[in-house]
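What TrEMBL annotates here:
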COILED    7-80  coiled coil
DOMAIN    1-96  domain 'Cdc37 N-terminal'
DOMAIN    89-250  domain 'Cdc37 Hsp90 binding'
DOMAIN    254-310  domain 'Cdc37 C-terminal'
Amino acid sequence: QARVERMEQFQKEKEELDKGCRECKRKLAECQKKMKELEVSEAEGGKKELEKLQAEAQQLKNEERSWENKLEELKKKEKNMPWNVDTLSKDGFSKSVFNVKPEQKEETEEEKEEKQKTFVERYEKQIKHFGMLRRWDDSQKYLSDNPHLVCEEMANYLVIWCIDLEVEEKHALMEQVAHQTIVMQFILELAKSLKVDPRACFRQFFTKIKTADQQYMEGFNDELEAFKERVRGRAKARYEKAMREYEEEERQKRLGPGGLDPVEVYESLPPELQKCFDVKDVQMLQDAISKMDPTEAKYHMQRCIDSGLW
């Protein structure tokens, strides 16, 4: 989202500069046209008007240079922006066997699941090896040696692995694997923007990231931090769901013959009855019941029987 907003802001700025520059050039052309007309005319007061137009033309030329300088600065900025396809060399793609991504029919969910399962069964060890790498050069070399890993299935596994690690409270390891997950996701995004197979452009990503300026690295790090937050949120949700399922399972085990939970029944009892169950004193319980309203006493005792508490 941050990258999209930056790109939108950049595009807006570029359009405004283009518009301003074009408008300045138009005014300058009109001014120069008027100057030429005055130069050939012999109208009275023409000299004074000509001097006025010359001063205006000089001012417009200065403005034109200013607009052009701003556009030049914007072009330099554009070269350092992530995934700018105009600044990426495509020569290497022309000879690649992975050049253009072939049109594929939409896979069903079952097909995707089977494909993911088969991929993990075959390459899980290699995926985990990549997830533990730290240096850019090591990651690039490993993918060069194992280009089959550069795919959606690899990214999917890394995401799930990150959540598993966070659930297991292996926070440092999760952050390490999260870094490699974002590396893979950036490569896949680059492939989509260039409309090529990911195996054809991962080297361009590493070339870009190893020479990146501050803005580019901030974009990568922003995405990494946002991803880690999402992982923590997913891990927390998974843990809470597991706890709810465990508690419900334990509750089902506790249910008495009437289908009531003895813990819930005990907590709903008046304090004087709870005390009887705490000390396990039958006589004390009978005395407490005898002092209660018969209807209320019957209600509580029936719940105790249905829950197995009595």
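Please read every residue number as a count from 1 along the shown chain.
In case you wondered, yes, glycine gets a Cβ from its N, Cα and C as well.
Sorting each residue of the domain 'Cdc37 C-terminal' (254-310) by its DSSP state yields 40 helix, 0 strand, 17 coil.
Over the coiled coil (7-80) the predicted model carries a mean pLDDT of 78.
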